[in-house]
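Q: Below: one structure in structure tokens.
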Amino acid sequence: MSRRFTVTSLPPAGPARSPDPESRRHSVADPRHLPGEDVKGDGNPKESSPFINSTDTEKGKEYDGKNMALFEEEMDTSPMVSSLLSGLANYTNLPQGSREHEEAENNEGGKKKPVQAPRMGTFMGVYLPCLQNIFGVILFLRLTWVVGIAGIMESFCMVFICCSCTMLTAISMSAIATNGVVPAGGSYYMISRSLGPEFGGAVGLCFYLGTTFAGAMYILGTIEILLAYLFPAMAIFKAEDASGEAAAMLNNMRVYGTCVLTCMATVVFVGVKYVNKFALVFLGCVILSILAIYAGVIKSAFDPPNFPICLLGNRTLSRHGFDVCAKLAWEGNETVTTRLWGLFCSSRFLNATCDEYFTRNNVTEIQGIPGAASGLIKENLWSSYLTKGVIVERSGMTSVGLADGTPIDMDHPYVFSDMTSYFTLLVGIYFPSVTGIMAGSNRSGDLRDAQKSIPTGTILAIATTSAVYISSVVLFGACIEGVVLRDKFGEAVNGNLVVGTLAWPSPWVIVIGSFFSTCGAGLQSLTGAPRLLQAISRDGIVPFLQVFGHGKANGEPTWALLLTACICEIGILIASLDEVAPILSMFFLMCYMFVNLACAVQTLLRTPNWRPRFRYYHWTLSFLGMSLCLALMFICSWYYALVAMLIAGLIYKYIEYRGAEKEWGDGIRGLSLSAARYALLRLEEGPPHTKNWRPQLLVLVRVDQDQNVVHPQLLSLTSQLKAGKGLTIVGSVLEGTFLENHPQAQRAEESIRRLMEAEKVKGFCQVVISSNLRDGVSHLIQSGGLGGLQHNTVLVGWPRNWRQKEDHQTWRNFIELVRETTAGHLALLVTKNVSMFPGNPERFSEGSIDVWWIVHDGGMLMLLPFLLRHHKVWRKCKMRIFTVAQMDDNSIQMKKDLTTFLYHLRITAEVEVVEMHESDISAYTYEKTLVMEQRSQILKQMHLTKNEREREIQSITDESRGSIRRKNPANTRLRLNVPEETAGDSEEKPEEEVQLIHDQSAPSCPSSSPSPGEEPEGEGETDPEKVHLTWTKDKSVAEKNKGPSPVSSEGIKDFFSMKPEWENLNQSNVRRMHTAVRLNEVIVKKSRDAKLVLLNMPGPPRNRNGDENYMEFLEVLTEHLDRVMLVRGGGREVITIYS
């Protein structure tokens, strides 16, 4: 039976005294000046964390003092948290081009200007830019026509579908944008980093083409407003008859569009700052125009504007060629013909030959804007689709028709339909009016808090614009006559912009406002598209585009601007706003589709890095948005959709063709094997990206003689970490030879597989037979996994009762395991008290998972609670993070920085900074160190039986008590675990305690105690204390039955005749014990009731003579805690703030 005795020293009645100056002097001695001490660590440095960038001087300062001496060997690769937090919390991403600008200034030798930190908030940085990009040319030039053709009901459905598509995309985009810091690069960065370079490049180029064609659309809108509504006389090409007007207009659009494009490209080339300066002016024009529309709607309810339209029968007449809506007019007492008569008749005389329809039908004049109170909404409720060349007619008007087949003279002043219209065409034309939702994410580098601003600003902007569009559909249908709505260019209202006729106070507000807004939108497109192409080019994923990554010294994309202008010219040569709009709809819809796909894939995969701060998303919403985008692509134009998908597919294959390989197996299993082989070969190409890091576990378990797992809780914990979605290998080692123990290995594998299935652990099992345990574990660590699918984390249990083992190889194997994982750059998880860990059926209804973040080793400590809380066992546990502040640290600022850092990490946790100031090393620490070193000497230099070991250590402790009390009679308390275990017993036995109590307040024995106030003179004198010994029954029986000692008792006492003094202790061990004791006191105080405590695991010493001391340090560090997980990072595991 294993036994343990506890030596407890009760405080004296008098006041306690602190250690004398001599001991104090040694307690603060500089450890770097101690002779013969080796503090270089274990010789297996971990990989440097990507967050670490400290100088050697800083490293030297980080562990001055005693509080963190236990972790001083980690400082080369893992800095103290206090020295790291400020840089992480105050991370700022520079706007695109600022780095190149700084480099150019440095090359010129000029004085570098400080880069201003981003200061834009949600309103100015996201909301207003999104409004400016969403509201555009379609609202002013085409929405009234869409309502007139499709009717209020279908237009409402159209607007609702398109706005729903963008809203779902914005939700997905918000999830991606808040999944880490999004540097300058915006939507392309988000897509490419979420779906990989192939999809990212394909979708990025589609988004670039969409933005470029959007610039062409805005320029065409600008020219249409200029020539149709502002200065019609500026037209260069004029038609000889009505049938040639359309062709003349297209040529005018091409000429003026090319000129405007050249001017805009020049402005962008000269300096984007001018574009940004006028951005607010252009936005003000948009908002003012929209407010004018609503003001006009309100005014029309009680005072409609006067815009009469002329009808011949039920046919709408264009007002360009006449002024009086009548056939005849009275001049005095004489009846004369009007100009309208001359348009339909052969002469101005009453007996002239006139058009038959003109002769049979009357001319009437009605108000084009009856107003909101007119009840017109019922007439405009349903659709009136037209074919090309058809006259726009008013329903409900009496008309004397002509015989079927009678040709219509195109020279007559009717309002004709210029194109065949149908629902899907209108969707393609309208959809560009809801694009522009990426404007906020494109400015992510300029935002003060992108994770907060992008979701809030984008969703509010979409909600605002959607409300404006939906209300505009209803209000246009309620206020404007149907024939006017179907009149695309406002010919029936004297060539006025249709929406301008409704505006108040004047139609010119809308005309001028829409002109400047379309100019501004065109400039924004020509500014954003080249930068997007530059970002794609600099990624190097499309080799032939790399030339466009170069630019001016300040980072302006000169070559990319040139290519953008050339592509934009293609859209201008098309010259039709209605033809260009469906093209850019395809590219934007494809971009939005892949944004939704990225969010759905990330949500379903549940990778450890997927931690969006935006919570209101779901994979079903993303899938719905993706399906809606795909449907809208084919609704708008199925052939354009196929072309766009073909372009994206070709780009995808071009990017990945070097690594692509097709291989077909026979049957599903053959296909699976081929896919697995292909995936493993792809993984072999390079190490995984930081964002894709996840714990790939190698779980080391021990099996008993019946090949059953000794600690099944390890596999339960593995199952609870399955949110990491990584590889799991459960390994075990059997001692012996392969030929003799192969059957046992097979049984062990079957037993482990059954337990894995019961615990729902998805992974592989591997049992190794080796001549000794250390080599077997080393082989598992080195050879586990296949190709790129290898473990990066080792999970193992703490060696229970390591003090009680006859064979010291048990804890030596453990320390060698720590060294080998460090050498292999693997993370190590050590569970202490694993039998107390919960099984999968258990549930914690409350409690906390406490993280003690002492040194930064890559973020593994942060990741593990996040993964555990995804499991139902730990789901209701809150996460608390504690970090330690030293004397020179500002604990208040540390708490703020840590809170900011966790915000960037998208992790919700309570934060507390624990202050550990420099303090004198207590007598208890000296006593613990003394006994540790004495026991180490005994066990190393003498081979005693178990009973002798107990008796001699007890004797040494009693003899050294007087020396210790002379040095410091303060409150001392000593615990020694000296076990006894029956031979061959590998199972843990219940421990029984023997207490040796030194009662300083009890009266001493007269024969051995000095007189009052007298100090003991000889170190061999009996200590003036009353000693109580409590022995268990089993202990007594064992003491009676113990055999003769092979070593003389006198010889043992001669060996320890030297008296232990505090001065003779290794000061490095004292400082490390001081760290362990102080940290343990703080951790127990704060986290005694925690369901799980995670803390950094210090590395083992280089000098193997101190291995047992290392075990003792860890034991002291974690005592009095129920469930502990020691975490030692390898440097490759990183929990990143990036998306």
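We count from 1, first residue shown onward.
The backbone N, Cα and C atoms fix where each Cβ goes, and this holds for glycine too.
Source: prediction; values computed, not measured.
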Q: Which residue among Thr518, Thr925, Thr929, Thr1075 does Swiss-Prot mark as phosphothreonine?
A: Thr929
Q: Can you identify, from 486-513, 654-681, 878-905, the stretch that Swiss-Prot calls transmembrane segment?
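A: Result: 486-513 is the stretch Swiss-Prot calls transmembrane segment.
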Q: Can you say which of 251-276, 277-302, 459-484, 849-874 is given as transmembrane segment in Swiss-Prot?
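A: So the range that Swiss-Prot calls transmembrane segment is 251-276.
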Q: Compare the membrane side that Swiss-Prot records for Gly121 with the one it records for Ser770, and say whether they match.
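A: According to Swiss-Prot, Ser770 sits on the opposite side from Gly121.
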Q: Swiss-Prot annotation N-linked glycosylation site: which of Asn90, Asn362, Asn442 has it?
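A: Residue annotated N-linked glycosylation site in Swiss-Prot: Asn362.
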Q: Quick one: Cα separation, Cys345 (disulfide bond) versus Cys310 (disulfide bond), in Å?
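A: That comes out at 17 Å between the alpha carbons.
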Q: Could you say whether, by DSSP, Cys325 (disulfide bond) belongs to a helix, a strand or a coil region?
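A: The residue in question, Cys325 (disulfide bond), is coil (DSSP, three-state).
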Q: Can the transmembrane segment (251-276) be said to touch the transmembrane segment (430-453) if we require at least 3 CB pairs below 8 Å and skip pairs under 6 apart in sequence?
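A: Stretch pair does not touch.
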Q: Work out how many Å separate Cys325 (disulfide bond) and Cys354 (disulfide bond) at their Cα atoms, rounded off.
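A: That comes out at 17 Å between the alpha carbons.
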Q: Would you call the transmembrane segment (175-203) and the transmembrane segment (556-578) in contact, using three or more Cβ pairs under 8 Å, pairs 6 or more apart in sequence?
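A: Contact absent: fewer than 3 Cβ pairs fall under 8 Å.
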Q: At a 10 A cut-off on CB-CB distances, which of the disulfide-bonded residues Cys310, Cys325, Cys345, Cys354 has the highest count?
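A: When each Cβ's neighbours within 10 Å are tallied, Cys310 tops the list.
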Q: Based on Cβ pairs under 8 Å, which of the stretches 130-151, 403-420, 486-513, 616-632 lies most in contact with the transmembrane segment (430-453)?
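A: That would be 130-151.
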Q: Ranking 130-151, 403-420, 486-513, 616-632 by the number of C-beta pairs under 8 Å to the transmembrane segment (556-578), which range is first?
A: 130-151
Q: How many whole Å apart are the CA atoms of Cys354 (disulfide bond) and Cys310 (disulfide bond)?
A: 18
Q: Taking residues 6+ outside the transmembrane segment (616-632), which of them lie with a CB under 8 Å of any CB in it?
A: 161-162, 164-165, 168-169, 171-172, 174-175, 427, 431, 585, 589-590, 592-593, 596-597, 599-600, 603-604
Q: Please report, as numbers and ranges, the same-chain residues at least 6 past the borders of the transmembrane segment (403-420) whose CB is under 8 Å from any CB of it.
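A: Contacts of the transmembrane segment (403-420) (Cβ under 8 Å, skipping residues fewer than 6 from its ends): 241-243, 246, 312, 315-318, 320-322, 340, 343-344, 355-356, 386-392, 483, 486-488, 491-492, 578.
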